[in-house]
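J.: Once you've had a glance at the structure underneath, I'll fire off some questions.
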């Protein structure tokens, strides 16, 4: 008997070595789901140490908020039956064909979870990209949090002069605005957004720039393409297939379908294990994250210099509103991933010293440009303007990204002089956005630029002095 136990010990050790998502208490890979990452998992935790500026009082706030957690596009919803087919194939591999791999196999609890998985049939194609219940709570929660730290700015009584809200023409941003307003003012409130213009050049400039839309950052020769074709990436696809009991490499579309199901279901139910995340080892998720980061880096980030021009109007909007001494005191925009990423790019936030490439995956594990941390569902960029009467430069600002103070090398531990902000972004402030924002020209000029910025500020100051 003792000999039998000794012989079985190596087998037990092997079984215990198999990674088990359902038993992993840290689940660090859930922080690496790129733009499908749950906000509650990656949001900052130090705002309570960063919001209070000694000798200063918060005066104004400018917000750009990505919509909360949403449903997938119609194309993915229509593939739910394929996910069920993959489920059955995996179970057959393990229980009938007996093609379970010797190492890195699914643990029993993850296998059972996959076997019991069913698609939520209440999610239909006509609901594509709708805000989910968790997405609504994401926005309601961020409003409550910022109001807790800035009660004198984010007042609980709605006033359409004091507050200005704006969102794009989609269900997910409309509902995100409503959730945010509920977080500030309660469920029975009169908050309303400004009218959406026919051409939304402020929140969706990328829709009106043909050269931006026509750039193929995934074409042959691109860094995305090179990484996609790399041995590391294709070995990852093969290893995932083996882990699931297949004797051949699955089509990438099938693997990505399981990966997306993992990401979405984790974001929909933050406190529960997403069944399909068990299909992947943590290091495989890291590879997928880098491919996503390359996509966003070149599609909306620092990969192409022109991307920094695209959100010219939004940067001017920020500078104009925070420069004016009069209302609105709170400006909040509700938009999308591309809007947020191009805004951060225009402001030089989360910029790496070395460009992301296909060949420097290993050396950029600590990169600043991580879409999972920058651009999760419900990502938000908040600028808080302070008045510091005892200082020579009495106007200051702190930028927050997902509840974490942004560290810029020309600021002091996250606190920036407003005069430095105006100087740093002078090129954009002075620009005629109609000509500046699009690589080959865009919509006609709307009279923006330094003239418009100064004129607006001076007019506001005159009104302020007259009162």
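A Cβ is built for glycine as well, from the same backbone N, Cα and C atoms used for every other residue.
The active site feature in Swiss-Prot is assigned to 67; the stated evidence is experimental evidence. Annotation source Swiss-Prot lists N-linked glycosylation site at 120, 159, 234, citing sequence analysis. What Swiss-Prot records for 441 is GPI-anchor amidated glycine, and it gives a curator's inference as the kind of evidence. Annotation comment: Swiss-Prot describes 1-15 as signal peptide.
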J.: Where does residue 159 (N-linked glycosylation site) sit by DSSP, helix, strand or coil?
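T.: Its secondary structure by DSSP: coil.
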J.: Quick check: of the recorded positions listed here (67, 120, 234), which one has the Cα closest to that of residue 159 (N-linked glycosylation site)?
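T.: When the Cα distances are compared, 67 comes out closest.
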J.: Taking just the CA atoms, what is the gap between the residue listed as 'active site' and residue 120 (N-linked glycosylation site) in Å?
T.: 22
J.: Among the recorded positions 67, 120, 159, 234, which residue has the largest number of other Cβ atoms within 10 Å of its own Cβ?
T.: 67
J.: May I ask for the distance between residue 120 (N-linked glycosylation site) and residue 234 (N-linked glycosylation site), taken between their Cα atoms and rounded to an integer number of Å?
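T.: For residue 120 (N-linked glycosylation site) versus residue 234 (N-linked glycosylation site), the Cα atoms are 31 Å apart.
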